[in-house]
Structures are given as C-alpha cells and as structure tokens.
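**Q** Structure incoming, see below.
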Amino acid sequence: MSTETWNLFVAWAQFLLLLRMLPQCDSAKPCPSVCRCDAGFIYCNDRDLTSIPSGIPDDATTLYLQNNQINNAGIPSDLKGLDKVERIYLYRNSLDEFPINLPKNVKELHLQENNIRTITYDALLQIPFIEELHLDDNSVSAVSIEDGAFRDNIFLRLLFLSRNHLSTIPWGLPKTIEELRLDDNRISTISEISLQDLTNLKRLVLDGNLLNNNGLGERVFMNLINLTELSLVRNSLTSPPANLPGTSLRKLYLQENHMNYVPPNSFADLTQLYRLDMSNNNLTALPQGIFDDLDNLTQLFLRNNPWYCGCKMKWVRDWLQSLPSKVNVRGLMCQAPERVRGMTIKDLNKELFDCKDRIGSNTIHVTTTMLNSLLPAQGQWPVPVTKQPEIRPPDINKIFRTTPIPVKKIITIQVKSITTETIYISWKVALPMTALRLSWQLGHSPVFGSITETIVTGDRAEYLLTALEPESPYRICMVPMETGNIYLSDETPVCIETETAPLKMYNPTTTLNREQEKEPYKNSSLPLAAIIGGAVALVAITLLALVCWYVHRNGSLFSRNCAYNKGRRRKDDYAEAGTKKDNSILEIRETSFPMIPINSDPLSKEEFIIHTIFPPNGVSLYKNSHSESSSNRSYRDSGIPDSDHSHS
C-alpha cells in the first residue's frame, strides 16, 4: 500500500470517528445559568426561584431546589424526562398540592415545610418507586388524603407526616412501610384495623397527639410483630397501652402523659425491651414484679413522678439493690411522706418504709417498760412481743404511770456566725437515726421566704451554710427522718433563729488580711505626724536662713545691683532653689537684670530686677505646662521660665 493510500485511509477513519462523536456533543446539555452542576448534582437552592429552570442535564441524579418560592405551576413537564434523578429536595417552597411532573424513578422526595393540603392517588402513581417521602410541616388533613392514595407505592419504607392536621391514621398504607412518623398532629383515636397490615413496621412515633386509653383499640399494636420502637410521648394516657407486641419491641417511650397507674401485666412478655421511659407522669407506686419479664432491661427512666415511699414500694428498694451494674435506673426519688422526701428509694433502710406488722387480737405491744431502759443506752428498735395464751395481758395504763417516758429534746441545735455569708451549725441527737432534714430560710417568719433544704446522714453532727445574705436573719430547722422509732413519730421540726455577721465586722474574702493591714497604721499615726511637722520646720528654717544671709550680704532686701549669672550658682542660690521647684516665683520689675541663657546662645541684652514673692501658708504657686493659666509665661519641667518665651 502506497503512502498516499495510507494517509487517505487514516484521514477517512478520523472523519468517521468525528461524525460518531458529534451526536454526543449535541446531546450534552449545559448547566442552567442560575444553577451549579457537579457530576450529577444540580444545585439550584436558595435563589428565590419561582419555577424549576429548564435545561437540566440528562445525567442529573440529585436536584437541590430547597429554600425557593417554587409553586405547583413552576414544575415544568420536561422534568419527567430526567430518568436518572433519584433524589429531589423541594422543602421550604410554595407548593399547595402534591407536585406532579416529577421524574418517575425518584426514590427520595423532600416536601416538608410547604403548604400542601391534598394528596391524590394519581400524583403518587407517577412516582411508583418512591422509598422515602417527607411531608412534615404541611397542612395535610385526614379528609385531604384520598382513600388508598399510597396503596400502589409498594416500595415505600419511610413516611413522615409530622406536624400536620391529621385526626386519624391514613387508610391503605402499604405493608412495606418500616418507619411511620405522625407526631404533633390531632390524632385522638386509632382503630384496630388502622395498623393491622403494617407487619414490617419497625418504628412508630405518635408523640404530641390527643390519644387516651379509650382512643386506642385493645389490640391496635398486636399485629406489629416487627415493631422495635414505640413512642407515645405527650399524650393523655392514664396507664400504659395494653397488648404491646412482645417479640421485637426494644424501646418504649411513655413520658409526659397522665399515667397514675401501671397494671401488673403491662410489660409482660416484653423480653427484648431494653429502654423504658415513664418520666413526667403522676405515678406514686409500682406493682410488685412489674419488671420481672424485662430480662434485657438496661435503661429505666422514671424521673419527675410523685413517688410515695410507703410499704408498697419496699420491694422496689430490694429489686434495685439486686440489679447488676449494667442496669441504669434514674428518677426513683421519694416525694412523700414528708420524713423521706428527697431521698432515693435505693438508699432507704427497711424501717423508713413504715411497714407495720398486721397484728391480730392475740398480739399486744409490751414495749414501754422494756424499751425505756434499753433504747437510750443501746439504740435498739422497738419490737412487738407476742402474747402467750397462758399470760395475762399487762395493764398498759399502770405501766405508763410507773415508768413514764422521759421528756427530752431529740435534737439540740447550736449555731455560730462565722462570716457575713456563712453560719456554722452543730447539733446533738439523743437517739440514733438514719438521716435528718436540714432547712434554712431568710427571715424569721416560717411563712414568707423561700426555703432551702438538704438531707444529712445520721452520722454527721455539723454543717456549714454558705452564700448567705450579710446582716440578715435566718431561721434554721431540723427534723428527723425516721419511722421505725416510736420516739420519733412526731415530725415537728426543731428550729433556731440567728443572723449573719454585719459587714463592718467582716470582709467575706480578706478579713484576716485587712485586720493585719490595720495594725501598722494604728501604731504609726504619731510618728507620721512628727515626720511631717519636722519637715515643715526644716524648710521654714532653711528659708529664713537664706533671707538673713541675703540681707547680711547686700545690706538690703531689695537691691538694684544684684546680678543673675551662671558663675555664682551655689546650693543656697535662688537659681538653685528654682531648679528644685521652690514655692517662690520670680517677678520681673525692671529691665536692669542681665539674662544669661543656659545654651550659651546670644540673647538681646535686657536688664531685669528679680523680686522673690513667698506665698502665704506654704501654698505652691508652681504651675506646669499642662495647667490652665492666664499667664503668657511657659515653664520647663524644672520650673524655670523658658527663655525662648520670656517677656518683659
């Protein structure tokens, strides 16, 4: 083959290859000018668009259209041709109906925070492969959803309808749904058939609705065999719902309801449950054995319930003490009776539960004589003595008269004000006890003012109150927290009144240092005055000596022949005194005094007479360059007039 033939063949092949590539170039669409495109991701969000721009590339997979003003009319029909689009974000727009003209292969659609009111079967039929549908924060009501609108969306797994206007659960939901969120709606009733087909449902959220026990069907949750999480927070339930699914349920949220009673079998067969929350209800007691079937329970939250720690709750303490360390229980704190308020149930000993024995007619209490001698010395608890058939019951009245109970204060309190903000409290107890409640209140009145209280253990005998108001009265009270001791049945508090120290006596932070600082000044007031007086006298004597020396030398206090030159400077010269910022000033009287500049520059010869004026009472007439003065004379730092600014 010749060279020319070969070159012709190569050129022809290149031409055919170019023709083959031309259709591809024509089919590739550029990115819309208002958007940004990046490998299938089309970003048209936050641009105040009222419609979806045309010309979106065919290879687009995800459309970001949120935070615009797109309405239903702004969705073009050519959007249906984008077969590769699987995710569309259209939240925070102006849609009032479920949009149409969407790509048929979309799997994830975000429509939350619009104003969508109606959902039709035809609109959902256009997206048959939808898996996640987010319709939160719209205006969807039960009547605005067409019956069976979702029935052919057989791939739908997540349906979010939170914060809408639903009064019932939509009918005809597909069996494929795994997560259903209906929180913050107006649902008041759920019939047994509403959820019976949702056998694949794993998470059901019904928070913030109007549900009560009568509005829930008796078997409404029984068919949810794969349900792992059920949330009924912020409803109006008075007890846990019946017939909960026990095969898979792992999380149960019942907080913020009106529950005041828990039936004994409420949690039967919930063997997989590991988290249970019944906080913020009105529960006062729990039936014994309520948690026996919860083999996997590791998190139990019972906060903010008015627990009454009576005899019926003693089993809870025993159960808590037998739990392994992996089980986390929170919120079992006594609110009543008053003697144990603020104490955790787990820390109570058995005597505090007030479980008095139910003694029949053949049992009497013979404790007065025996325990009066034993209890104060040995600290033993009163015990009932059972009557024997052959023993005649003793005369109780006679026993009280022969061995009266000694009247003695059970608690003796002593207080001492330490600083303006602290009070030291100490006390003595006549009988052994487990705990005491200490309270303090600003003011003497037990009615007005907020009360602060704390629980102190029985082995303590002192306490320090801090962060108090200075110079303020306080009422401090203590009351024993016992029930098993017959001498402590009276819960009347023992109170004492005191005041914090005044501010003039104490400094809350540096009191000791301040007192140490005051001592030197108390002893140094006299020497300091003597030093000042001596200095004043010395200055006065020096000035007087200078005047006498001047008069003695010149024969007169005012001389016209006195020369002010640099060669005559001595320590007692007025020029030297001027450099020491003497309190005298120089007044120019006549032009007969020669001025000699310090920098030896020639000046115009002028003669001056300098007269020294002493201000009365030692008042300084010296003015620096920063003080206000009407004089036209400026001063250097040494106090001598600046020769460049002197005037006659």
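Any Cβ shown, glycine's included, is placed from N, Cα and C.
Pasting the relevant annotations from Swiss-Prot:
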COMPBIAS  624-633  compositional bias 'Low complexity'
DISULFID  C31-C37  disulfide bond
DISULFID  C35-C44  disulfide bond
DISULFID  C309-C334  disulfide bond
DOMAIN    305-356  domain 'LRRCT'
DOMAIN    409-503  domain 'Fibronectin type-III'
CARBOHYD  N226  N-linked glycosylation site
REPEAT    58-82  repeat 'LRR 1'
REPEAT    83-105  repeat 'LRR 2'
REPEAT    107-126  repeat 'LRR 3'
REPEAT    127-152  repeat 'LRR 4'
REPEAT    153-179  repeat 'LRR 5'
REPEAT    181-197  repeat 'LRR 6'
REPEAT    198-223  repeat 'LRR 7'
REPEAT    225-246  repeat 'LRR 8'
REPEAT    247-269  repeat 'LRR 9'
REPEAT    270-293  repeat 'LRR 10'
TOPO_DOM  29-527  topological domain 'Extracellular'
TOPO_DOM  549-648  topological domain 'Cytoplasmic'
**Q** Counting Cβ atoms within 10 Å across all protein chains shown, which of the disulfide-bonded residues C37, C44, C309 comes out on top?
**A** C309
**Q** Please average pLDDT over the repeat 'LRR 9' (247-269) for the predicted structure.
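**A** Summarising the repeat 'LRR 9' (247-269) by its mean pLDDT gives 93.
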**Q** Hey, which of the disulfide-bonded residues C31, C35, C334 is the loneliest by Cβ count within 10 Å?
**A** C31
**Q** Rounded to a whole angstrom, what is the C-alpha distance between C44 (disulfide bond) and C37 (disulfide bond)?
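**A** Answer for this pair: 9 Å between alpha carbons.
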**Q** For a quick check of packing: other C-beta atoms within 10 Å of the C-beta of N226 (N-linked glycosylation site), how many?
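**A** Other Cβ atoms found within 10 Å: 16.
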**Q** For the repeat 'LRR 9' (247-269), give the DSSP counts of helix residues, strand residues and coil residues.
**A** 0 helix, 3 strand, 20 coil
**Q** I need to check the long-range neighbours of the repeat 'LRR 8' (225-246): which residues 6 or more away from its ends have a CB within less than 8 Å of a CB in the stretch?
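**A** That would be 183, 199-213, 216, 218-219, 252-263, 266-272, 278.
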**Q** Measure from the Cα of N226 (N-linked glycosylation site) to the Cα of every one of the disulfide-bonded residues C31, C35, C37, C309, then give the nearest.
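**A** Out of the listed candidates, the nearest Cα belongs to C309.
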**Q** I need to check the long-range neighbours of the repeat 'LRR 3' (107-126): which residues 6 or more away from its ends have a CB within less than 8 Å of a CB in the stretch?
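**A** Contacts of the repeat 'LRR 3' (107-126) (Cβ under 8 Å, skipping residues fewer than 6 from its ends): 66, 80, 86-101, 132-141, 144-146, 148-153, 155, 160.
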**Q** Go through the chain and flag residues at least 6 beyond the ends of the repeat 'LRR 2' (83-105) whose CB is under 8 A from any CB in it; none is fine as an answer.
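**A** Answer is 40, 45, 50, 58-72, 75-77, 111-120, 122-124, 126-129, 134.
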**Q** So which residues does the repeat 'LRR 5' (153-179) touch in its own chain, when a touch means Cβ under 8 Å and the partner is 6 or more beyond its ends?
**A** 107, 112, 124, 127-142, 145, 147, 185-191, 194-195, 197-203, 205
**Q** Residues sitting near the repeat 'LRR 9' (247-269): Cβ under 8 Å, six or more positions beyond its termini, same chain?
**A** 202, 207, 225-240, 275-284, 286-287, 289-291, 293-294, 296, 301
